[in-house]
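Positions annotated as transmembrane segment by Swiss-Prot, on the basis of sequence analysis: 9-29, 44-64, 71-91, 98-118, 143-163, 225-245, 252-272, 286-306.
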Amino acid sequence: MIFSTLEHILTHISFSIISVVITIQLMNLLVHELVQLGDASEKGMIATFFSITGLLVTRWIYSGHFPLSDLYESLIFLSWSFSIIHMVPYFRNHRNHFSAITAPSAIFTQGFATSGLLTEMHQSIILVPALQSQWLMMHVSMMLLSYAALLCGSLLSVALLVITFRKNSDIFDKRNNFLIRSFFFGEIEYLNEKRSVLQNTSFDSFTNYHKYQLTQRLDFWSYRVISLGFIFLTIGILSGAVWANEAWGSYWNWDPKEIWAFITWAIFAIYLHTRTNHSLQGANSAIVASIGFLIIWICYFGVNLLGIGLHSYGSFTLISN
């Protein structure tokens with residue numbers, strides 16, 4: 001009872017804090033950027049991380065197993081993964097380049113997890129025999145970390161496509177400066193140092209230069225984050241194959257979840273391959289990553305919504321039955 005109450009409190013604390021963080025970011029975007037509010041939002045994400053960590057640890061203690069056994073627990077862990085990705089660049093150089101993506105992603109996943117749709121999953125149950133394995137932590141955690149990284153990288157690619165195909169005059173107005181502030185990494189300072197070079201350039205050339213710099217940074221960080229997610233995904237698939245052999249007697253069973261995991265892996269393998277070809281970098285590779293964004297959600301939610309296959313643990317169908 002105590003652990004259940006503590007979990008309930010931590011859930012509401014983390015959701016409330018991240019809601020405040022989103023509000024602060026919207027204020028900076030729509031009204032005016034304030035350094036104090038920006039620092040407060042970063043500290044809020046740190047507090048959210050510790051709240052979700054406490055939530056996972058609490059559920060781990062009273063359930064007796066690592067909290068990755070159903071859709072509710074996996075969504076909480078996915079939200080926790082987004083908060084990690086949010087904090088890593090901040091602690092490295094006190095700048096956050098992913099705040100426009102990670103904070104909304106975290107509140108979306110946690111909001112869905114705590115919604116009424118998954119109420120019956122909030123109570124921990126005894127694991128079925130197939131899930132009572134040391135591979136549970138390894139396989140599922142790697143898959144969810146890969147989903148978080150690949151989703152963030154894919155959203156960066158989506159942003160790249162939006163900027164690439166919009167008119168230059170719309171890119172650098174007041175309404176879009178939030179994304180610019182997130183990814184310019186000192187390009188403004190560089191331009192000030194090189195002001196003499198740009199004195200005779202037209203406004204179109206100036207905005208085109210900024211657009212080029214922004215898309216290059218988006219492409220660069222999308223590649224780095226997706227590469228990390230691809231490594232996690234590969235480890236997750238391989239560890240899952242070993243676990244499947246122990247549980248079901250075969251490394252690969254062509255289960256719907258396995259098929260979509262392979263499709264996801266193939267899509268991002270194609271993305272990484274296109275990045276090795278200089279002529280295909282930028283918008284071309286971003287299109288592949290954007291397709292991958294949709295594939296990830298199909299892979300993650302598809303089986304849980306349909307409740308079919310060997311990976312249907314914690315699905316909506318299973319719970320309703």
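Think of each number as a place in line: the chain as shown, counted from 1.
Placement of Cβ uses the backbone N, Cα and C atoms for every residue, glycine included.
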Within-chain partners of the transmembrane segment (225-245) [C-beta distance under 8 Å, separation at least 6 from its ends]:
85, 98, 133, 135-136, 138-140, 142-143, 145-150, 152-154, 156-157, 251-253, 258, 261-262, 264-265, 268-269, 271-272, 289, 292, 310
Any contact between the transmembrane segment (71-91) and the transmembrane segment (143-163), i.e. 3 or more CB pairs below 8 Å with pairs at least 6 residues apart?
yes
Range from 44-64, 98-118, 143-163, 252-272, 286-306 with most C-beta pairs under 8 A to the transmembrane segment (9-29):
44-64
With Cβ-Cβ distances below 8 Å as the criterion, list the same-chain residues six or more beyond the ends of the transmembrane segment (98-118) that contact it, or say none.
11, 14-15, 18-19, 21-22, 25, 41-42, 45, 48, 52, 71-72, 75-76, 78-79, 82-83, 85-86, 89, 148, 151-152, 155-156, 159, 178-179, 182, 221, 225, 316
Among 44-64, 143-163, 286-306, stretch most in contact with the transmembrane segment (252-272) (C-beta, under 8 angstroms):
286-306
